[in-house]
Amino acid sequence: MSERLPQRREVHPEERVRNIWERERDTWQWTSIRVPEEILQRWLAMLRSGRNRNKVYREMQKWMSIHPKAPVIRPCGCRLCNPGWET
């Protein structure tokens, strides 16, 4: 018997970009309601400058891996509920 390796399906470049945005959005939604206020404000300040987006995303992923069972400490992580967004 010869076993065949599972075939990877072709991923269209537009789909790859969409998946990146969805993954970033999901990461933000999970962490923004769980991280302490100081960390959230630091991330928001870094995002305001615009060049630190990847660094913030990596820090969010690292925080998620270190604190997988972090409790929800704020009801929402949106711009209206977080004064650090400056909207």
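From the backbone N, Cα and C atoms, a Cβ is placed for every residue, glycine too.
Keep in mind the model is a prediction, meaning the values are calculated, not measured.
Taken from Swiss-Prot, the feature motif 'Nuclear export signal' applies to 40-47. Swiss-Prot lists 48-55 with the feature motif 'Nuclear localization signal', giving sequence analysis as the kind of evidence.
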Number of helical, extended and coil residues in the motif 'Nuclear localization signal' (48-55), per DSSP: 5 helix, 0 strand, 3 coil
Secondary structure content of the motif 'Nuclear export signal' (40-47), with strand meaning DSSP E or B: 8 helix, 0 strand, 0 coil
